[in-house]
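S.K.: Copied straight from Swiss-Prot:
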MOTIF     9-19  motif ''HIGH' region'
BINDING   Cys98, Cys100, Cys125, His127  Zn(2+) binding site
MOTIF     237-241  motif ''KMSKS' region'
BINDING   Lys240  ATP binding site
Amino acid sequence: MKIKTRFAPSPTGYLHVGGARTALYSWLFARHHGGEFVLRIEDTDLERSTPEAIEAIMDGMNWLNLEWDEGPYFQTKRFDRYNAVIDEMLEAGTAYKCYCSKERLEQLREDQMAKGEKPRYDGRCRHSHEHHADDEPCVVRFANPQDGSVIFDDQIRGPIEFSNQELDDLIIRRTDGSPTYNFCVVVDDWDMEITHVIRGEDHINNTPRQINILKALNAPVPMYAHVSMINGDDGKKLSKRHGAVSVMQYRDDGYLPEALLNYLVRLGWSSGDQEIFTREEMIKLFSLGAVSKSASAFNTDKLLWLNHHYINTLAPEYVATHLQWHIEQENIDTRNGPQLAELVKLLGERCKTLKEMAQSCRYFYEDFSEFDADAAKKHLRPVARQPLEVVRDKLSAITDWSAENVHHAIQATADELEVGMGKVGMPLRVAVTGAGQSPALDVTVHAIGKTRSIERINKALGFIAERESQQ
């Protein structure tokens, strides 16, 4: 049997991390078994579905590189198919037309709740032989079995049983002729030959209803696996108050897709004590049996740690392709300065996100108009004039511009003036970067370049002279 899974989001908003984890688990299960992965857009909610949400879902899937083998399919383009199946069910007696008014149903609900009963349709039209005009408004309901139970072996949670007496006669077509969500899902899974449905635990109550419809259609019933929810670190359901929840927001915040995928796969699944997983390792090791039944807590610090790891272990050239977008967001002109792959090497240890890297690299490419006030006050003082003049002259004398020779020039300045490296290094750092923090000074000065470094030292000397004149 060929394994076939699907990810079926509703385009009523962005792709959130819970949906992304479900997509990842479905994708990994299919890839592990050499099967196929289908993308299906469940857009039957015409009022809330938007083109922008569809685009956001596709962007998120593409950014995570969760490629699909079939689709994207759109439910709104399959209404003829759904209605044809409903007509067949009406003919077969597994569905029936319901003419009950909204007022009657509301009164029925109120009466049942007053008696402490679970609100459900009472089956009036199921057993009615009244004649109705062809154009009289009605819905179509599924004739759910009235006895027995539905048992399915959840691939994560084990056997789950529902009594058919607890299940309603589900509406499968509205009065406007549009099919409903639970019915469309069933026909799609049947037509697309889905073998394993991996989805959130909020769908558990839908499963017995969908199984009953599949059986009424004499269609194969897939295996089901329901993944637990994701909570915030406070134990409450993950929401915007816990930080970003949209996949593309993590892109915007400077995370690499490898980091988010690695974090999401471990958010409810484990393989021993291993924390770092390549995509290939995920595919090889993933199994539904190792997925936890308990809710997972989202820990942003752990994700940040993983992101820092991947910034420093993936090929700098690859990281640079993702960094480019953030550089563009900061409007930095990188034509005069180090290659972005070199920048990744320079700033990787200091920066935990690509956004942070882009926001802290401008001095490598563009001149700054003023020095950081605190850094200048502390380090660009009259006592720094001589170290800056000496190191400037030694840097000017370098014929083979390299980080090693820059280091020798700084060290030689400290030796000549008989001062510690900090007495030379800190004023030099503020002079060439405009701030008090940077990567190692020799590689920083080397990356900024000889001409630009000397110009900035002269600017710092001018700043010191002006400061002296004001005292």
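Counting begins at 1 with the first residue displayed.
Placed from the backbone N, Cα and C atoms, the Cβ positions cover glycine too.
Can you walk me through where each of these features ends up in the structure?
M.R.: Here the motif ''HIGH' region' (9-19) has a mean pLDDT of 90 out of 100.
Cys98 (Zn(2+) binding site): 20 other CB atoms within 10 A of its CB, across all protein chains.
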S.K.: Which bits of the chain, at least 6 residues beyond where the motif ''HIGH' region' (9-19) starts or stops, bring a Cβ under 8 A of a Cβ in it?
M.R.: 41-43, 45, 48-50, 53-54, 56-57, 59-61, 200, 229-230, 238, 245-250, 260, 264, 298
S.K.: Compile a sequence-ordered list of residues in the same chain as Cys125 (Zn(2+) binding site), six or more apart from it, whose Cβ lies below 8 A from its Cβ; state 'none' when nothing qualifies.
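M.R.: Result: Tyr96, Lys97, Cys98, Tyr99, Cys100, Arg141.
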S.K.: Which residues in the same chain, at least 6 apart in sequence, have a Cβ under 8 Å from the Cβ of His127 (Zn(2+) binding site)?
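M.R.: The answer is none.
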S.K.: Taking the center of the Cβ atoms of Cys98, Cys100, Cys125, His127 at the recorded Zn(2+) site, which other residues in this chain have a Cβ no more than 8 Å from that point?
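M.R.: Checked against the 8 Å cutoff, the neighbours are Tyr96, Lys97, Tyr99, Tyr121, Gly123, Arg124, Arg126, Ser128, Arg141.
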S.K.: Where does His127 (Zn(2+) binding site) sit in DSSP terms: helix, strand, or coil?
M.R.: coil
